[in-house]
């Protein structure tokens, strides 16, 4: 009996080794292993190589686990049944004692295997998968060498089955931006990343999805010089709007000639020279980009052209607005470079906000914790969302209810939504419900 118990313990140890090996190899993170391999850890590289082709490894593990389970059942019955039978035979019939001994012996062996050969080693492997994998890789390589004939045989059968059912035989481990975002989110929840670091990484990915109109200065807010503008008017504009660059156009903003740098104008003032644009002022070529460009592509355009300022045009060659390198960096860095600028979203209290109509829809989603706006590809700003939902040029008091919020137009500037009042009306998302002012509302407002 003692020999049988020792055999059972050895089988449990072997099964625990295979269980721990299986879960540790599957749970080991490639990024961490690659860092260790780059530092010269040979075992880390061996684990990576085995992860690339895990078929032989898992075949050996399954052969080992199944063989141990069968042997455990055979030896376990022989180890404990006689002892239980001799104990119970004193108090009951031999037939009943034999049946009860078998049940208890089976339960004891099964419980020992579940606890010590499966649950415990697998939990250890899940807690520290890389550390365990580095320690078991060499013994597993020896097992692979010893069991090579069996591995070839069973792997060949498995490959035939995979080909018959046209199943993929290699795992795809391409890392996507969603995978990185999930890791970052987990790091933020665990407290590893600070709030600013988390937001910065989120903003990096937004550069790929947000187009230039979401961060531009719209055309109605662009300060530009007419080629034939008088000198006093130019001085007044520079004094009132101290920008570093000014567009130069011919009669209207859609006929761009170039731009002038404020430093050039300052040098002419210091030299007592005229500021008139047709009197020798250097007019530089303007970088022009389409409105379909993403912010990351705009950064690349700035780098290629050696500029920090660009005009955005649509498909009809009409100026949509302008964007600067600072606009892109403000989107990327958020409050770190945006301090001192006029806030587009102002919280009145915990349940209401005043939002500028030109605020990018992504910023509104972040502040209000809204997952997605309907058909957001059709607009870039919260004002565009209102026009899209109302299906008309909005007027004051027009409103839309969405995602538990009421979006109400409170100010219009030349047909453009200048400000919205957003009020939380419900903690749960609600269906889209545009509301237009009717006769009854007008009567009540007059009263």
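Cβ from N, Cα, C; glycine included.
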Confirm whether, per Swiss-Prot, residue 83 lies on the same side of the membrane as residue 3.
yes
In Swiss-Prot, which of the ranges 100-120, 121-141 has the transmembrane segment annotation?
100-120
Checking 79-99, 142-162 against Swiss-Prot, the stretch recorded as transmembrane segment is 142-162
Paired segments the domain 'CBS 1' (216-275) and the domain 'CBS 2' (282-343) in contact, 3+ CB pairs under 8 A:
yes
Suppose I define contact as three or more CB-CB distances under 8 A, residues 6 or more apart in sequence; do the transmembrane segment (5-25) and the transmembrane segment (100-120) meet it?
yes
Residue distribution over DSSP helix, strand and coil in the topological domain 'Cytoplasmic' (76-99):
19 helix, 0 strand, 5 coil
